[in-house]
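Dropping the structure in here first, questions after.
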């Protein structure tokens, strides 16, 4: 009858495909992880809050993705679904991996003999397995060579998510940088590159890049080249201004400024390598056309 309500379609392949199975594992493992940690009641402080947020956030979004694909409702959303799921799965890989390292370092003490410590150890294990589930999803959904229909599933697209995430980690460690002009330049580099990279991700998911009246692929290559040059300067200037004439203090605790600056140094190198690989891959996509 014309007035009858339309029956929602159910796409069981959203759960039975390899990608769907990986997502189901991620949902179960993330739920198990934050439940175990919550049962201990020991997740206070910035580190514990971050880890709990990561597991709850990844559980919620992955469950939502599964439901939208199961009921085939995602085409109604005003965004590029493949780009969104690719960007989220890469972000989940990075977030869960960070939590899998930060949580045991911050909360598990040796010797581990109590019931609470045992639950924390199991939570660490399930968190790492959850990271593997998301890594499998990234591997399964990554675009094949020559396929650029979903930009954020290509190597340059996945690297964009990595670059933005590493920049966020750098921002979380920033401390005592406004006394030296060289360090202030480095912070400007981190901020400028983060903003432009985040805009690329958002515009790609929102299908807004097609409205830019210029050859976008060549613009991205030019941006990657400039970002690489800027990160080269930051890789040199940050340790130069952070450590010249300074050795690690004997009383350097967990929130020691010297350790934070060392962490930023390594993260800057990671992003430098990421922008270099990004430039190489994006240049090949633009200037070397495969038949």
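Cβ coordinates are placed from backbone N, Cα and C, and glycine is handled just like the others.
Features from TrEMBL:
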- 14-146: domain 'MARVEL' (DOMAIN)
- 15-38: transmembrane segment (TRANSMEM)
- 50-68: transmembrane segment (TRANSMEM)
- 88-108: transmembrane segment (TRANSMEM)
- 120-136: transmembrane segment (TRANSMEM)
- 148-171: transmembrane segment (TRANSMEM)
- 151-287: domain 'MARVEL' (DOMAIN)
- 183-205: transmembrane segment (TRANSMEM)
- 220-241: transmembrane segment (TRANSMEM)
- 262-281: transmembrane segment (TRANSMEM)
Averaged over the whole of the domain 'MARVEL' (14-146), what is the pLDDT?
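So the average pLDDT across the domain 'MARVEL' (14-146) works out to 91.
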Cβ under 8 Å, sequence separation of at least 6 from the ends of the transmembrane segment (183-205): give me the contacting residues as numbers and ranges.
79-80, 83-84, 87, 151-152, 157, 160-161, 163-164, 167-168, 170-171, 174, 177, 220, 223, 227, 230-231, 233-234, 237-238, 241-242, 268, 271, 275
List the helix, strand and coil residue totals of the domain 'MARVEL' (151-287) as derived from DSSP.
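Computed counts for the domain 'MARVEL' (151-287) are 109 helix, 0 strand, 28 coil.
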